[in-house]
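Here is what Swiss-Prot records for this protein:
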- Cys105: active site (ACT_SITE)
- His249: active site (ACT_SITE)
- Asn270: active site (ACT_SITE)
- Cys92-Cys119: disulfide bond (DISULFID)
- Cys102-Cys145: disulfide bond (DISULFID)
- Cys138-Cys181: disulfide bond (DISULFID)
- Asn41: N-linked glycosylation site (CARBOHYD)
- 1-19: signal peptide (SIGNAL)
Amino acid sequence: MALSLLLAVVCAKPLVSRAELRRIQALNPPWKAGMPKRFENVTEDEFRSMLIRPDRLRARSGSLPPISITEVQELVDPIPPQFDFRDEYPQCVKPALDQGSCGSCWAFSAIGVFGDRRCAMGIDKEAVSYSQQHLISCSLENFGCDGGDFQPTWSFLTFTGATTAECVKYVDYGHTVASPCPAVCDDGSPIQLYKAHGYGQVSKSVPAIMGMLVAGGPLQTMIVVYADLSYYESGVYKHTYGTINLGFHALEIVGYGTTDDGTDYWIIKNSWGPDWGENGYFRIVRGVNECRIEDEIYAVYLD
(Lines of atoms letter the chains of each structure in order from A and count residues from 1; the text may use other names and numbers.)
(Lines give C-alpha, C1' and ligand atoms only; values in the text may rest on other atoms or scores of the structure.)
Protein backbone atom coordinates (compact mmCIF):
# COMPACT_ATOMS: atom_id res chain seq x y z
CA MET A 1 0.00 0.00 0.00
CA ALA A 2 2.78 2.42 0.97
CA LEU A 3 4.69 1.60 -2.23
CA SER A 4 1.57 2.26 -4.33
CA LEU A 5 1.12 5.65 -2.69
CA LEU A 6 4.79 6.49 -3.25
CA LEU A 7 4.54 5.58 -6.94
CA ALA A 8 1.39 7.68 -7.29
CA VAL A 9 3.16 10.68 -5.76
CA VAL A 10 6.18 10.24 -8.07
CA CYS A 11 3.98 9.97 -11.16
CA ALA A 12 2.00 13.04 -10.07
CA LYS A 13 5.13 15.23 -9.79
CA PRO A 14 4.33 18.55 -11.49
CA LEU A 15 6.35 19.23 -14.60
CA VAL A 16 6.99 22.86 -13.68
CA SER A 17 7.36 24.63 -10.35
CA ARG A 18 8.43 28.07 -9.18
CA ALA A 19 11.24 26.51 -7.14
CA GLU A 20 12.68 24.85 -10.24
CA LEU A 21 12.21 28.04 -12.24
CA ARG A 22 14.29 29.92 -9.66
CA ARG A 23 17.04 27.30 -9.94
CA ILE A 24 17.09 27.74 -13.73
CA GLN A 25 17.12 31.53 -13.50
CA ALA A 26 19.97 31.38 -10.97
CA LEU A 27 22.12 29.76 -13.67
CA ASN A 28 21.66 32.87 -15.87
CA PRO A 29 20.74 31.02 -19.06
CA PRO A 30 21.20 32.91 -22.36
CA TRP A 31 17.42 32.68 -22.88
CA LYS A 32 14.41 33.84 -20.86
CA ALA A 33 12.73 31.27 -18.60
CA GLY A 34 9.25 31.64 -17.10
CA MET A 35 6.25 29.71 -15.81
CA PRO A 36 4.49 28.35 -18.92
CA LYS A 37 0.68 28.33 -18.78
CA ARG A 38 0.72 25.40 -21.21
CA PHE A 39 2.24 23.11 -18.58
CA GLU A 40 0.95 24.53 -15.30
CA ASN A 41 -1.37 21.53 -14.70
CA VAL A 42 0.76 18.87 -16.41
CA THR A 43 2.69 16.22 -14.50
CA GLU A 44 6.14 15.04 -15.51
CA ASP A 45 4.66 11.65 -16.37
CA GLU A 46 2.06 13.27 -18.65
CA PHE A 47 4.77 15.34 -20.32
CA ARG A 48 6.85 12.24 -21.00
CA SER A 49 3.83 10.71 -22.76
CA MET A 50 3.86 13.67 -25.18
CA LEU A 51 7.41 12.79 -26.22
CA ILE A 52 8.94 9.85 -28.09
CA ARG A 53 10.52 7.08 -26.04
CA PRO A 54 13.86 5.72 -27.30
CA ASP A 55 12.32 2.28 -27.87
CA ARG A 56 9.95 3.83 -30.42
CA LEU A 57 12.89 4.78 -32.63
CA ARG A 58 14.08 2.15 -35.07
CA ALA A 59 17.70 1.09 -35.36
CA ARG A 60 19.51 3.38 -37.80
CA SER A 61 20.83 1.18 -40.60
CA GLY A 62 22.49 3.93 -42.63
CA SER A 63 20.68 2.63 -45.71
CA LEU A 64 19.46 6.10 -46.72
CA PRO A 65 22.35 8.09 -48.28
CA PRO A 66 22.38 11.62 -46.83
CA ILE A 67 21.89 14.67 -49.04
CA SER A 68 25.37 16.23 -49.20
CA ILE A 69 26.47 19.86 -49.23
CA THR A 70 27.62 19.37 -52.84
CA GLU A 71 24.09 18.37 -53.87
CA VAL A 72 22.63 21.29 -51.92
CA GLN A 73 24.98 23.79 -53.57
CA GLU A 74 23.60 22.70 -56.94
CA LEU A 75 20.23 23.97 -55.71
CA VAL A 76 21.30 27.15 -53.91
CA ASP A 77 24.68 28.89 -53.96
CA PRO A 78 25.61 31.04 -52.16
CA ILE A 79 23.67 30.12 -49.04
CA PRO A 80 22.29 33.31 -47.45
CA PRO A 81 23.28 34.20 -43.86
CA GLN A 82 19.67 34.13 -42.68
CA PHE A 83 16.35 32.63 -43.75
CA ASP A 84 12.88 32.62 -42.22
CA PHE A 85 10.12 30.69 -43.98
CA ARG A 86 7.52 32.97 -42.40
CA ASP A 87 9.04 36.02 -44.09
CA GLU A 88 9.84 34.37 -47.42
CA TYR A 89 6.46 32.63 -47.85
CA PRO A 90 3.89 34.57 -45.77
CA GLN A 91 1.04 33.06 -47.80
CA CYS A 92 2.07 29.61 -46.54
CA VAL A 93 2.26 30.31 -42.81
CA LYS A 94 -0.17 28.56 -40.46
CA PRO A 95 -0.43 29.05 -36.67
CA ALA A 96 1.49 26.75 -34.34
CA LEU A 97 -0.78 23.91 -33.20
CA ASP A 98 -1.04 21.96 -29.95
CA GLN A 99 -0.69 18.18 -29.97
CA GLY A 100 -2.25 17.91 -26.49
CA SER A 101 -1.47 14.82 -24.42
CA CYS A 102 -1.09 12.56 -27.48
CA GLY A 103 2.54 11.68 -28.26
CA SER A 104 2.08 12.81 -31.85
CA CYS A 105 4.88 15.35 -32.36
CA TRP A 106 6.23 13.06 -35.10
CA ALA A 107 2.99 13.53 -37.07
CA PHE A 108 2.60 17.27 -36.41
CA SER A 109 6.13 18.02 -37.58
CA ALA A 110 5.93 15.75 -40.64
CA ILE A 111 2.55 17.08 -41.75
CA GLY A 112 3.80 20.62 -41.15
CA VAL A 113 6.82 20.03 -43.38
CA PHE A 114 4.66 18.32 -46.02
CA GLY A 115 2.16 21.19 -46.24
CA ASP A 116 4.70 23.99 -45.98
CA ARG A 117 6.91 22.61 -48.73
CA ARG A 118 3.89 22.02 -51.00
CA CYS A 119 2.98 25.67 -50.56
CA ALA A 120 6.57 26.92 -51.00
CA MET A 121 6.82 25.00 -54.29
CA GLY A 122 3.52 26.43 -55.54
CA ILE A 123 1.68 23.09 -55.60
CA ASP A 124 -0.76 24.67 -53.14
CA LYS A 125 -1.31 28.34 -53.95
CA GLU A 126 -2.01 29.16 -50.30
CA ALA A 127 -1.63 27.48 -46.92
CA VAL A 128 -3.52 24.19 -46.72
CA SER A 129 -3.92 22.37 -43.40
CA TYR A 130 -3.25 18.66 -43.83
CA SER A 131 -4.44 16.04 -41.39
CA GLN A 132 -2.22 14.94 -38.53
CA GLN A 133 -5.03 12.65 -37.36
CA HIS A 134 -5.12 10.59 -40.55
CA LEU A 135 -1.37 10.00 -40.29
CA ILE A 136 -1.55 9.17 -36.56
CA SER A 137 -4.44 6.73 -36.99
CA CYS A 138 -3.50 5.10 -40.29
CA SER A 139 0.31 4.81 -40.29
CA LEU A 140 0.42 1.39 -38.67
CA GLU A 141 4.23 1.16 -38.70
CA ASN A 142 4.21 3.98 -36.15
CA PHE A 143 2.67 3.92 -32.67
CA GLY A 144 -0.10 6.51 -32.84
CA CYS A 145 -0.21 8.57 -29.63
CA ASP A 146 2.72 6.56 -28.28
CA GLY A 147 5.30 7.96 -30.69
CA GLY A 148 6.60 7.48 -34.20
CA ASP A 149 9.73 7.64 -36.32
CA PHE A 150 10.89 9.46 -39.43
CA GLN A 151 11.32 6.75 -42.05
CA PRO A 152 7.98 4.92 -41.58
CA THR A 153 6.26 8.31 -41.46
CA TRP A 154 7.73 9.53 -44.74
CA SER A 155 7.24 6.12 -46.32
CA PHE A 156 3.53 6.37 -45.47
CA LEU A 157 3.27 9.89 -46.90
CA THR A 158 5.06 8.72 -50.06
CA PHE A 159 3.14 5.50 -50.74
CA THR A 160 -0.25 6.27 -49.11
CA GLY A 161 -0.37 10.04 -48.78
CA ALA A 162 -1.99 12.70 -46.60
CA THR A 163 -5.49 14.08 -46.60
CA THR A 164 -6.66 17.49 -45.43
CA ALA A 165 -7.60 18.49 -41.89
CA GLU A 166 -10.95 19.56 -43.31
CA CYS A 167 -11.51 15.91 -44.22
CA VAL A 168 -10.17 14.36 -40.99
CA LYS A 169 -9.84 16.79 -38.07
CA TYR A 170 -7.59 16.24 -35.06
CA VAL A 171 -9.47 14.44 -32.26
CA ASP A 172 -6.64 12.90 -30.22
CA TYR A 173 -5.77 16.08 -28.28
CA GLY A 174 -6.76 14.53 -24.94
CA HIS A 175 -5.88 10.94 -25.85
CA THR A 176 -2.94 8.68 -25.13
CA VAL A 177 -4.24 6.01 -27.53
CA ALA A 178 -4.85 6.85 -31.19
CA SER A 179 -8.32 6.81 -32.70
CA PRO A 180 -9.09 4.17 -35.38
CA CYS A 181 -8.10 4.82 -38.99
CA PRO A 182 -11.09 6.45 -40.72
CA ALA A 183 -12.51 4.96 -43.93
CA VAL A 184 -14.15 8.23 -45.01
CA CYS A 185 -13.93 11.94 -44.20
CA ASP A 186 -15.65 13.24 -41.06
CA ASP A 187 -18.63 14.32 -43.19
CA GLY A 188 -18.87 10.90 -44.89
CA SER A 189 -17.32 11.94 -48.20
CA PRO A 190 -14.45 9.96 -49.80
CA ILE A 191 -10.92 10.61 -48.55
CA GLN A 192 -8.69 12.24 -51.16
CA LEU A 193 -4.99 11.58 -50.68
CA TYR A 194 -2.00 13.73 -51.69
CA LYS A 195 1.32 11.90 -51.94
CA ALA A 196 4.92 12.91 -51.47
CA HIS A 197 7.28 12.03 -54.31
CA GLY A 198 9.90 10.71 -51.88
CA TYR A 199 12.07 11.78 -48.99
CA GLY A 200 15.70 12.15 -48.05
CA GLN A 201 17.93 12.58 -45.04
CA VAL A 202 20.07 15.71 -45.02
CA SER A 203 23.72 15.32 -44.04
CA LYS A 204 24.81 16.61 -40.62
CA SER A 205 26.61 19.49 -42.34
CA VAL A 206 25.15 22.76 -41.04
CA PRO A 207 25.52 24.50 -44.45
CA ALA A 208 23.68 21.58 -46.09
CA ILE A 209 20.78 21.96 -43.66
CA MET A 210 20.70 25.71 -44.25
CA GLY A 211 20.77 25.24 -48.01
CA MET A 212 17.95 22.70 -47.99
CA LEU A 213 15.78 25.12 -46.02
CA VAL A 214 16.38 27.87 -48.58
CA ALA A 215 15.92 25.53 -51.55
CA GLY A 216 12.58 24.03 -50.59
CA GLY A 217 11.31 25.09 -47.19
CA PRO A 218 10.98 23.52 -43.73
CA LEU A 219 12.63 20.29 -42.61
CA GLN A 220 11.84 17.73 -39.92
CA THR A 221 14.21 17.14 -37.02
CA MET A 222 14.28 15.67 -33.52
CA ILE A 223 15.82 16.78 -30.23
CA VAL A 224 16.54 15.35 -26.80
CA VAL A 225 14.28 17.10 -24.28
CA TYR A 226 15.43 18.17 -20.81
CA ALA A 227 13.37 19.73 -18.02
CA ASP A 228 14.37 23.32 -18.77
CA LEU A 229 12.82 23.42 -22.25
CA SER A 230 9.30 23.50 -20.82
CA TYR A 231 10.17 26.83 -19.11
CA TYR A 232 11.31 28.51 -22.33
CA GLU A 233 9.77 31.91 -23.07
CA SER A 234 12.10 33.62 -25.54
CA GLY A 235 15.67 33.96 -26.74
CA VAL A 236 18.08 31.36 -28.09
CA TYR A 237 17.69 28.14 -26.12
CA LYS A 238 20.71 26.24 -24.89
CA HIS A 239 20.32 23.32 -22.49
CA THR A 240 21.09 24.75 -19.06
CA TYR A 241 19.33 22.71 -16.38
CA GLY A 242 18.38 19.05 -15.89
CA THR A 243 20.47 15.96 -16.52
CA ILE A 244 17.68 13.49 -17.29
CA ASN A 245 16.65 12.90 -20.90
CA LEU A 246 12.85 13.03 -20.69
CA GLY A 247 12.41 11.75 -24.24
CA PHE A 248 12.74 12.77 -27.88
CA HIS A 249 10.65 15.44 -29.57
CA ALA A 250 10.09 15.84 -33.32
CA LEU A 251 9.99 19.39 -34.66
CA GLU A 252 9.89 21.52 -37.79
CA ILE A 253 12.93 23.67 -38.66
CA VAL A 254 11.67 26.75 -40.50
CA GLY A 255 14.74 28.97 -40.65
CA TYR A 256 17.98 30.22 -39.17
CA GLY A 257 19.77 33.43 -38.28
CA THR A 258 22.27 35.13 -35.99
CA THR A 259 21.63 37.42 -33.02
CA ASP A 260 23.19 40.86 -32.68
CA ASP A 261 25.76 39.42 -30.28
CA GLY A 262 26.80 36.73 -32.77
CA THR A 263 24.87 33.66 -31.58
CA ASP A 264 23.83 31.43 -34.50
CA TYR A 265 20.42 29.79 -34.16
CA TRP A 266 17.77 27.64 -35.81
CA ILE A 267 14.12 28.76 -35.87
CA ILE A 268 11.85 25.92 -34.76
CA LYS A 269 8.09 25.49 -35.02
CA ASN A 270 6.82 23.47 -32.07
CA SER A 271 3.53 21.64 -31.43
CA TRP A 272 2.81 22.92 -27.91
CA GLY A 273 0.38 25.61 -29.03
CA PRO A 274 0.72 29.31 -29.92
CA ASP A 275 0.94 30.46 -26.29
CA TRP A 276 4.20 28.60 -25.61
CA GLY A 277 7.56 30.21 -26.39
CA GLU A 278 7.72 32.80 -29.16
CA ASN A 279 4.15 32.39 -30.46
CA GLY A 280 4.60 28.62 -30.63
CA TYR A 281 8.14 28.82 -32.00
CA PHE A 282 11.55 28.81 -30.36
CA ARG A 283 15.14 29.42 -31.34
CA ILE A 284 17.95 27.04 -30.46
CA VAL A 285 21.72 27.32 -30.81
CA ARG A 286 22.93 26.39 -34.30
CA GLY A 287 26.17 24.66 -35.27
CA VAL A 288 27.02 22.69 -32.11
CA ASN A 289 24.38 19.93 -32.39
CA GLU A 290 22.55 21.34 -29.37
CA CYS A 291 20.29 18.64 -27.89
CA ARG A 292 21.21 16.57 -31.00
CA ILE A 293 19.16 18.83 -33.26
CA GLU A 294 21.54 18.37 -36.21
CA ASP A 295 21.76 14.56 -35.87
CA GLU A 296 18.90 13.53 -38.13
CA ILE A 297 17.02 15.84 -40.48
CA TYR A 298 14.56 14.90 -43.22
CA ALA A 299 13.30 16.65 -46.33
CA VAL A 300 10.32 15.64 -48.45
CA TYR A 301 10.38 15.62 -52.27
CA LEU A 302 7.26 16.74 -54.10
CA ASP A 303 6.18 16.75 -57.74
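Residue positions begin at 1 at the first shown residue.
Placement of Cβ uses the backbone N, Cα and C atoms for every residue, glycine included.
Known features from Swiss-Prot, placed on the structure.
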residue : record                      : CB count, 10 Å
Asn41   : N-linked glycosylation site : 10
Cys92   : disulfide bond              : 23
Cys102  : disulfide bond              : 28
Cys105  : active site                 : 26
Cys119  : disulfide bond              : 21
Cys138  : disulfide bond              : 22
Cys145  : disulfide bond              : 23
Cys181  : disulfide bond              : 15
His249  : active site                 : 23
Asn270  : active site                 : 25
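Straight-line distance linking the Cα atoms of His249 (active site) and Cys145 (disulfide bond), rounded to a whole number, equals 13 Å. Here the C-alpha separation of Asn270 (active site) and Cys105 (active site) works out to 8 Å. Cα of Cys92 (disulfide bond) to Cα of Cys145 (disulfide bond): a span of 27 Å. Annotated pair Cys181 (disulfide bond) and Asn41 (N-linked glycosylation site), C-alpha to C-alpha distance, rounded: 30 Å. The secondary structure of Cys105 (active site), as reduced to three states from DSSP, is helical.
Calculated from their C-alpha atoms, the gap between Cys145 (disulfide bond) and Asn41 (N-linked glycosylation site) amounts to 20 Å. Here Cys105 (active site) is compared against the recorded positions Asn41, Cys119, Cys138, and the shortest C-alpha distance is to Cys138. The recorded positions shown are Asn41, Cys102, Cys119; of these, the one with its CA atom nearest the CA of Cys138 (disulfide bond) is Cys102.
Distance from the CA of Cys119 (disulfide bond) to the CA of Cys102 (disulfide bond) is 27 Å. In the three-state DSSP classification, Cys119 (disulfide bond) falls within a helix. The two recorded residues, Cys119 (disulfide bond) and the residue listed as 'N-linked glycosylation site', show a Cα separation of 36 Å. Cys138 (disulfide bond) falls within a helix when secondary structure is assigned with DSSP.
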